[in-house]
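Trainee: Pasting a structure here, questions to come.
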Amino acid sequence: MKLKVSIGCDAQHTQIAWVNYEGRPTEVDGPLWVGRILVRVRDFDGFTPDGSPPKRDSEYFRGRSRKFQIQAEGRFKKEYNGDQVIYGTQFDHMISTFPESAFRAGMRIAKYIDPAVYYDKYARSPYIMSPFVACVNTLSAWPAPSRLEDAVISLVEADSQESDTESLPEINDSSDVSLSDLPSTNVTPKKTTTQIDVQTNIVTPPITVTAVPDSPNPPAATPATVADNDDLSIVSSDSGNTTAPRKNRHRYWSFAGFSDSTRFSHLNVPAAIPDAPSVKTETSQNVSQLSVKSAATSLAPVEDDEDDELLLHRHITNKHKDFNLHVKQLGLLHKPSLDLEEGYIMDENYGKDVYKHGISNVPDDENEDDLQRYFTALEMQQDQKEQHKKSKNKDPFRKITHPSLHLGKFSTPKLIKRMSLRSKKSLRNDSKSDDVGNSTHRFSTASAASTSAVKTEKEKKMSAPRRSLDKLIRIGSLHRHHHHHHKTDLIESDSGIEASESNRRKSDIFSFSGRNSFSVSRPSSSHSTLSYANDSASSAVNVAGETGSLPPLREQTSITSGVPPSNRLKKHVSTPEKIVEERSIDEVSQSNTPSSKQLPQSVDGKTVTANANSTTVAKQPTSNVALTRPKPVRTATSQSKIPKPVKHIPSDSNNLDPQLGPWRFANPKVDPIEDNSFIFGEHKSVKERRKYFSSSKFCRENFFYDKDVVYCMSFFSPHMDFNTFNLNIGPIRLNVYKHLNSDGHQPIRYMMRETDDEDAVMFVVEFDLLEDDDETVLAEQAKERERRKQT
C-alpha cells in the first residue's frame, strides 16, 4: 500500500499533492481562505500527481526527528477573531475499535503539549481540535502585496527556537480530556465598535488589556526524552517545546503591523522636535499614550545614514533605504550551515574570506558567555573540519576541551574552572586601574615605576600555574577576534593621503610621535603588547575584556623583569630593510608632557621629533589642511548583525502571487519562523504564545485576523509515521490503520475550519493508505498528465 496526500478547500474538492517538492505547493482558493500548502513526509514512497517517481526526502528533515510537516500560508476572506478559527483532526465517523485507554493517554499527552486541545466523540463528524492561534508549532505573518508599503518592520534578536519534543507526563488510564475541561467555546458576537477597529487591534498587543498579564511567565524547561540532534544550523525553527537552552541567538526581520495604526503614530512625527509640547496621541484599548517629544527622540524612525546596528529592535517603514529588501525576508529563517557561503551580510572585502572558512556569524562579545570565549586557533581549525561530522555522544564543552589538545587527565569541570581566569567584572576593574596607571605615567616617571610595582604585586597574587595554557588561549582568542572584527582606520587629509588594506600591509610602517602602545594585563609573567598608528589627539583605547576592541596591527611579546617599565625598549620590524626602535607606553606618555624634550623640525616635508632616547619620523602632508579622521567603514562586526537576504527560487505555483506575493519557501534551506511581534508588540516564545491563548477565551476573542495580512503556520510531529500509520507517542505504540477502517474506510484528515460550523472549512490535508492500483488515483494521475501536456 502507498500513501496518498491530498489537499483542497474542503473534503469534496481535493487534489494529490507534490510531497517534499518545496517549489510546488498546492494552491487553494476557497470561499473562506486563499493560500498555499506544502506537505513534507520523511521517507515518502507514495503517489504523485502525474505518476512520476516520488521525492523520498527533503533537506528539511536532516538532523531532525520529525516524521511529517504541514506548512500553510494564506489570507482569510472574512473577519474572524482568535476563538472563531480552529485547527485539528476530523473523522468521517466514530472509531469504535480504538482502545479507550490508549485514547485517554494520547489525549492527556496532547493536552500537555497544547493545553487548549479538546475533542468531541459524539459529534456528526468526531474531531480533536484546538484554537488555530494556540496550537500550531510556528506562526508568523507579513503584509499582503497591496499593503506592503504600509508595513512596519523591525530587526529582532531572540533565543534559538527549541526542539521538537519535550518530556511527556506520566500516563494512567483515568486521565481524560473533554470539552468540559476547557472554558466555554461559544462565540459572543462582536460589538459594532470592535468591528470598526479590526485593523487596529490586529497589530496592537492584546496582552495589555485589563486583567491580562503583560508578559506570561514561560514554564520551566524539562529535559527531553527524544533529542532533536539538529546539527545543521546555528539556529532551528523548531516548535518551542523547550529542551536544553542553546547558546546562540538569531536575528530575523519581524512584521509589527501597519503604519496607519495608532500604535505607530509616532513614526509619522518629524525626527527633530527640540521643544515640542507634550501632546498625547489617540488612545485605544491596547495602545499606550506617548508624547510627541518622546516619540521623536527615543522612538524616531531610523535615518538612511544611520548605522545598521541601530536597526535592532527599531521600527522602520518604507522611508528606510533598505526597506524593500528587508520586507521580503519577513517570516523567514535561513539555515546557513547547509550552504557555507550563505549566512549574514558582511563587508564587501571581508565577507568573501570569512564565508570561505564557513564562519557566517561572529558572536557579540558583550552578550557572549565567558566560557564561550576561550578558543584557540587549533580548536577553530579542528571544528571547521568536523562541523559536518555526526557525533552520537557530544561533549557539550567540546569547543573548550578539544580532545586534540591533550591537556591531561583533568575532568571537564575542573579544566573549565582552571581555564576561566577572571570574570568580566574583575577584568573591567583591572582595565580601570590600568587607565589610572597610564594617566599617572604621563606626569611622572617615579609614579609610573610605583604603579608598575603595585601592578607586579597584584599579578603575583592573581597568577595561576597554567601560564602556557593561558597564553595559548589568549593568543588564539585575540587572533580570532582581530581577524574577523577589525579593519585599520586610515588617517587621511583633503590633500589625498589614501591607502588600502593590502597596500598598507606591504608598505613600511612609520612610527608617529603620538603612537599609543598597549600592554594587555594577564595574571602571568608573559604579556602581549599591541601597538597601532593613530591620530596624536586620539585617546588611549582600553582593552575591556578577553576579546575586547583591539588595534589591528602588530603583536609583540615582552618578558617582565625587575627593570621599571620606563627603562624598557621594544623593537618593531616593519620590513626586512628597516628597523625602528619604539619606546613603551610609559615613555610615549612622558614625551607628550611639557617636561619632555621634543625638538620638532621640518625636513623635506617630514616632521622629525627628536628626544633623548629615540627618533621618530612621520609623514606630513604638503598642504596646510588639518588632518581629519575619515568616517569609520562598516566592518564585519556591524554588518554581521543584518541577516543576509535569502536566495529566492522561483516557484511553479504562481497563480496566487497577486494576492499572496511570491512563494518564499522554494529554497529548501529556508524554514518558517515563529514571529509573533504583530500580536504582542514584542517577540514571545511558542510556549508563551500557547499559554496566553490557552489561558482564557477572553484572550482569543481580543485577537483579530486581518484580511490584509498573510498568515503562515507550520505543524509537525515526530510521533506519527504516515507511510505505515504507526503511532509512537509515549507508552502508545500501535498501528491506527486497522482501527480507522474497522467500520468503513476513512483517511486521517487535518483541517482548519470555523468553530461553530464544521462545514465552513478553510483547507484540508488528507493522509490515506491505498492500493498501488487504486482506480481513483490512476484516473486522477492520467488527468494531471493530460493537463500538463496541454500547458
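Heads up, the Cβ atoms here are built off N, Cα and C, so glycines get one too.
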Trainee: Swiss-Prot annotation phosphoserine: which of SER178, SER261, SER493, SER507 has it?
Mentor: SER493
Trainee: Among THR14, THR138, THR297, THR376, can you tell me which residue Swiss-Prot lists with the annotation phosphothreonine?
Mentor: THR376
Trainee: For which of SER265, SER517, SER574 does Swiss-Prot record the feature phosphoserine?
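Mentor: Of the listed residues, Swiss-Prot records phosphoserine for SER574.
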Trainee: Identify the region 'Disordered' range according to Swiss-Prot, selecting from 224-252, 630-658.
Mentor: 630-658
Trainee: Pick from 114-120, 310-316, 373-379, 765-771: which range does Swiss-Prot record as motif 'FFAT'?
Mentor: 373-379
Trainee: Write down the residue from SER477, SER584, SER677 that Swiss-Prot flags as phosphoserine.
Mentor: SER477
Trainee: Return the average pLDDT for the motif 'FFAT' (373-379) as a whole number.
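Mentor: Overall, the motif 'FFAT' (373-379) comes to a mean pLDDT of 37.
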